[in-house]
Each structure stands twice: as C-alpha cells, then as structure tokens.
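In TrEMBL this protein carries:
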BINDING   B:7-20, B:Gly102, B:Asn174, B:Arg199  ATP binding site
Protein chains: 2
Amino acid sequence: MKVLGLITEYNPFHNGHLYHLNKSIEITGATHTVAVMSGNFLQRGEPALVHKWQRAKMAIECGVDLVIELPTAYACATAELFAFGSINLLHNLGVIDCIAFGSEYGKISTLEMIADILFKSPLSFENSLKSYLKEGLPFPAARSKALIDFYKFCHSNGCDEESMNIESIMNNPNNILSIEYLKALKRLGSTILPYTIPRVKAAYHSKNMTSDISSATAIREHLKMRKPLEDLRKVMPSVSHKLLKEAYEAGIAPVFKEDFEHTILTILRRENSVGLAEYFDVNEGLENRIYECSHHCSSIESLYNCIKSKRYTLTRIQRICMHALLNLKKKDLLRFNHEGGPQYIRALGFNNKGREILKSCKSKSKLPIINKINQYIPSDETAKELLELDIRATNIYTLALKNHFFSSKPLDYYQSPYYARK
Amino acid sequence: MKVLGLITEYNPFHNGHLYHLNKSIEITGATHTVAVMSGNFLQRGEPALVHKWQRAKMAIECGVDLVIELPTAYACATAELFAFGSINLLHNLGVIDCIAFGSEYGKISTLEMIADILFKSPLSFENSLKSYLKEGLPFPAARSKALIDFYKFCHSNGCDEESMNIESIMNNPNNILSIEYLKALKRLGSTILPYTIPRVKAAYHSKNMTSDISSATAIREHLKMRKPLEDLRKVMPSVSHKLLKEAYEAGIAPVFKEDFEHTILTILRRENSVGLAEYFDVNEGLENRIYECSHHCSSIESLYNCIKSKRYTLTRIQRICMHALLNLKKKDLLRFNHEGGPQYIRALGFNNKGREILKSCKSKSKLPIINKINQYIPSDETAKELLELDIRATNIYTLALKNHFFSSKPLDYYQSPYYARK
C-alpha cells in the first residue's frame, strides 16, 4: 500500500481535479489516495457551492479513496494556517507516503529551496525583510524582495536565472500555497515525499467553457449567473455533474456568499471596533475600516470593495467576514494552533480502499478517528472546540439551503460518511 | 402651560391612538402633549412597521406636540423596565404635569392600590408570593394570587368585589403596564398626576376593519397578508394613512420580524448555551431550550413556537431574540438601570408647541436634550452606550429596508427631527 495525500476543496469536483488526481497517482505510483477536504466554508472566505458530504461523494465517485475533513478553523484560514492544518492532518494519519499539489511553477526543487529559506529564516533574510516592510511595502512584496536579495547573496555573482524567477513564483497563489505545504512538512519533520504538478494556468482560469478544463471559479460564476447546468457537462466528470444536478434538485445547492449578505452585515453592525478587532487578521486599525464600511454598505460586494485595499486583499477581507459569521475569534485560532492543530480524523466519504486506509490508520495514527460524532468523546477542550466549530459552521451553512428539511437539524449528527462499496 | 405625557409605540398611528390622545387632553385639560415613543424595535420584541422618524411624523401630524425617543434598552424591555424607562424619562423632563394611559380596567384608584402593594411589597404579600412560586405557579399567576390574599386579609370579611376583580385586572396586559407606570411614579417620588382611560377591548382587538377603531396588531396583520393599503383608510387618520403610503412608496416599509429570520437564527446558532445565557431574561436553563430550538427550526415562527411554553411567554421569547439581534446583554441592561435609566432627551419630531416644551425643558430637565447626535457629547459611559445602542438598532433595522439608500448610511447621523411649523 502506497498512500498519496491530496489537499482539496473540490468546489465542485471538475475535470481539472480529475486530471490532478490521475497525474498525481501516475507520478507517485500510489495505490491509495486520501483527500483532505475543506468543509462548508473555504479558504477564500466563501461558503461552498454544495455541502461537504455531497462534495465528498463527488470525489469518491470520481476515484478518491478516502475524504477526510479539514477542520473549519484551518479550512477558512490564511495560506500558512491552511497549509499547516492540512499537512498536519496528513502527517498525523501516519500512513501517507507522498503528497502531490498543483503549482503554477511546477518544479519542486526551487519551491523547496524557497520553503527552506522561509522556514530557517536566516538573519540576513530577516533583516532584509524588515527593512522592506519599514519602507512600507505590503508583506508579500517585501518577502519576495527579501528572498531575491538572499538568493543573490548566496549565489554571489549577480542576478541569475533562479532569482529572476522568485518574483514571478511568489506572485502566484498556488506556488505560495505549495511553499507553505513544504514549510509545514519541514516544521513537522515529516518524511512524506512532496511532488508538484504544473497547473496549466490559461486553461485553469479560462472563463469560457470551450476547453474541457475550466477553473472552479469559472464554474461557480456560470452557476451564479443562473446559466444552464447542462453547459457544465463538458468540464466536469459525468458522475460529478450528476451529483451536482442532484443537489440542485434536492434544494441543497447552490449556496453563494450573497445568501449570507444580510446576516454578515448585521453581525458586523452589531459590534463596535473593539469587538471587530477580536477576529483573526484584524489589526493595525483595520477594525475601524470594517466598522465604517459595514455601516455604509448594504451589499456584501460593496462591503468587500469598500474594505479592501493594496494592503488588505479581498481574500483576507472575505475570510474575516466569514470568521465573524462563524463567531471564530483570534484567541480561539491561536489556541488551536498552540495545541498543535487538528485533533481528530473525520471521514466524509470512502470506498473499500478508503476503509483499508482507515483500518491502517487505527494503529498508526496519532489522532482519533471519528465516524459518527455522537460516538466521539473529545480528549480535551481544544478537540471539543474544534469539533463544535465544524458543527456550528454546518448549522449556519444549512440556513442558506432552500430545502428546509436540511436546515431543521444539526446535519453533522445525522449525516453518515458516504460509503461506496467498490 | 399644562403638559400631558403619553407613553406610545404608534405602530402605526391609528384612530384608536387619536381617540386616546383627544380623550386624554379632554380629561386632563392639558394644553401641550409629549409622547415618549419606542424607536425601531418594540416592547413585543418585534421591529416597527415603519422607522421611528416616520412614526414620529405621523404622531406630530395627528396632533402630538413633541415626540421623544424611549432608548432602545427600555423600549425592548419587560413591562417593568419599559414602564420605568418611560416614566423616568417623562419625570426627568421636568415639565410634565400629568400622564394618561389606556387600561382595560379603566379606574385609577384600584390600579393605584395594587401598584402600592407591589411597590411597598409588605411581608405578608411577599410570603404569600413566595409560597405560590414554590408551588410551581408562573410568576404572573403567583403574583395575582398573592395580591388577592393580601386584599382579603386587609378587608378581613371575605371575598369582596374588589378582590374578585384583581385576577381579571392582572390578566390584562394594559392593566399590568398601567400598574407598572404607577409603581415607577412611586419609585421616583414623582408629582406627575396619573389618569387612565378605559380601552374598549372588543373594538381594539377586532381583527376586521368594520369599525373605525382597529388594533395596531390587526392593521399589521392586514399588511403582512399583503392586503390593500386602501382598506386601512377607515381605521387611520387620513394624514397617518398618507404617511404610511408614502413610506411604502419610498421603500422604507413594511418591516416585519420575518425580515430578520435568517439573521436571528444564525446569531442564535453562532453561540453556545453559555453565550445565550448572557442575554436578559435567559435563565433557569432557558438557554438550553433556545439552543436546541434554534438548531431544529428554520423559520422564526417555528422557533418562537418551539421555545415558548406556559412558563416562557411568546413576548419574552421574542424580546430575547431581539436582544440577541441587537447584541444587548443582561449586564448592559443591569448597568443602565443601576445608573438610573435614560440619560438624554432625544426629540424625534415636534411642532411649535413642542418647541415651547423643549425650551422649557432646557431649564427644568435634569437630562441633556439631543437634537443632532453629532453635536452631543455623552457625559459618561452609560449615556454613550445607551445612545450607541439606539444607533446600532437603527443600523440593523435599516438593513431590512428595500430602499438601499437608507441602509447605506447610519441614519441617526443624517435624519433630523421632524419639525411641523404650526
């Protein structure tokens, strides 16, 4: 058994995901696959289009063997925390041999090198970073410049090809996430072998559906415009498309951030800036900006546009609003992290090979495995709170569903993991 | 100048209100009138149909001389606190000679007698009340029984006419509110003279619009069913009807509790029972009941029905949910009360006679008069927080308005009191 780990959101599962899955199996020679998947709220600070069980079902039906949930605290976090949570979970499973992730750059060695500098954070790099920050550069730009300086310094004779690359590498979100995965592996001293697969940028971000690979963003945009579900047939595996359609028919999809518009605005308007500053990533007076904007904007779109700036990215703003919606405070996140991250393995779906993995985890994993949450007794306060947050996230998410059957019960207590007998 | 005080919600101003106004002037011989009016959220725990400035305008156009706002903390409170806040404000104006309120019973002497017992709370009454509570009776029933016992005891020779009345008196909401007004007058040692006007129960509660007097509840039900605005012409003064229509046309009415359905459910689901217990009137495990129900109900109507019981009235539940919506905690209410209640006089509308009253208040009132809130500097933390709550309530209320112009600004900073030059 050679087990491959994947870090995913599958929102929804499309041909690009299938390509990544198959390519990853091919280059790693894995026999089994585990996807860590975000639950009902995602890293971009948005609700998922379809709830976590249906997305897990899509993944299993498309060939993933086991889907486990990334706890909400990490699923809706910064790249660094998201990566740390995911890698930590995979590492603690105790059975993962390798992981594979997409990156715009596509070459693991350079990403490893950058991750190494960032992880060790040598003094000259630190000083360089500090001075750029002092100049007023936003953090990503300062970090990128400090990396180039450091690289030049090590390779002494001027601007070589690699250092030219660093800036463009650090400008791409999947590279940054990849570097964070590699940093997390180092932090944990993990022996999991990392692989990267180049993302074909143009195809992934294409807004039209001419190619058979389209970005999840484009798919969601298409759905948001209420364009026909049928158009998505060519960009999604047929079974995934069928399950999406099924979700629409059952009144449990689609869910968009606009479904929480009134609620998010109210929650922000309920608090003063002292209260707003209790959320993660709210500092340097950002709380005042959020306060002002929340009182002058009556749509979620205008709210985000009002708050965002060069310094504060859209994703950061969306994430903060998501934290406010879920009542997730800075102090909670810091405590979770301090206690070592995810505290349990929670299956959302599996097939027979997935069951083999779970069986093997039983002896090898450092974390308890949850199948039904009412049979799980958290070992401590951190585990309890992490799980409570996952449950709370679902209970808030389901209020957006048209089918009230699903918003009238705490779904986590009723929904079993999806089991495909094959 | 003989000034009459009225305690009102005017939601919306109808013929019954006009009758009460004219009758009160007639029996008191007042030359000037002041109405203390609730803002955007009301004692029943519901949002107002129309915002406070438009309702103040209705009242002024219908003959009230000055409308001042009852701070939200008191407007959305139990009968006792609502009465204390209102009477306190009228008392502190320093210019009020008399007040007149409607009651089902209609005779001031008996109400005064009951208020006196409740205010002085003699030992035998206290003991009797305690023993009924111990038997498991809900508070209102226990209080009513203890009052009868006390009355019998004083009048020694058995069950006389008055003690027969007590039970029916204590079963009617406007009697209870009247008794609370009288208690508050006693508590403040106020010299304001109280009058009561009998409410014609049948007419007030009539659900059809055959009579020219209909209850505000019936009017709101009519509007909620989207029945024609025109039908209300016969139960509202024409100018009030015109202003209601104007509000509809401007997209600022109607507002119903259902407009906050998703938000209230989310806010409740965001908290655990410890958090829920921080709201006023949540005790004895009611927090667990609210927690359970909020996760099993997906509509506000089903939520209320799920929580309410013999012990917990619908109004109490609605008020708690309103407090959750407004982020008003038990500790805040207790502090406001401890600090003596309302801290400022805020005009929402007036005519020339109203200006005379305000002018007279300047020298006689113990409280500062606010005309524009950005020109007002609160004297202490309590005044600041009371005002912040009023502003917050408006900012949350306006999110329900169809016309986004009004939800895109903190209205309290932009809206001046209505001035009718006549």
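Using the three backbone atoms N, Cα and C, a Cβ is placed for every residue, glycine included.
A quick note: this is a predicted structure, and the numbers were derived from the prediction, not measured.
Positions of the features from TrEMBL, shown on the structure.
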{"residue": "B:Ile7", "record": "ATP binding site", "DSSP class": "strand"}
{"residue": "B:Phe13", "record": "ATP binding site", "DSSP class": "coil"}
{"residue": "B:Tyr19", "record": "ATP binding site", "DSSP class": "helix"}
{"residue": "B:Asn174", "record": "ATP binding site", "DSSP class": "helix"}
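When each of the binding-site residues B:Tyr10, B:Tyr19 is scored by how many other Cβ atoms sit within 10 Å of its Cβ, B:Tyr19 comes out lowest.
It is B:Ile7, among the binding-site residues B:Ile7, B:Phe13, whose Cβ has the fewest other Cβ atoms within 10 Å in the structure shown. With the fewest other C-beta atoms within 10 Å around its C-beta, B:Asn174 stands out among the binding-site residues B:Gly16, B:Asn174.
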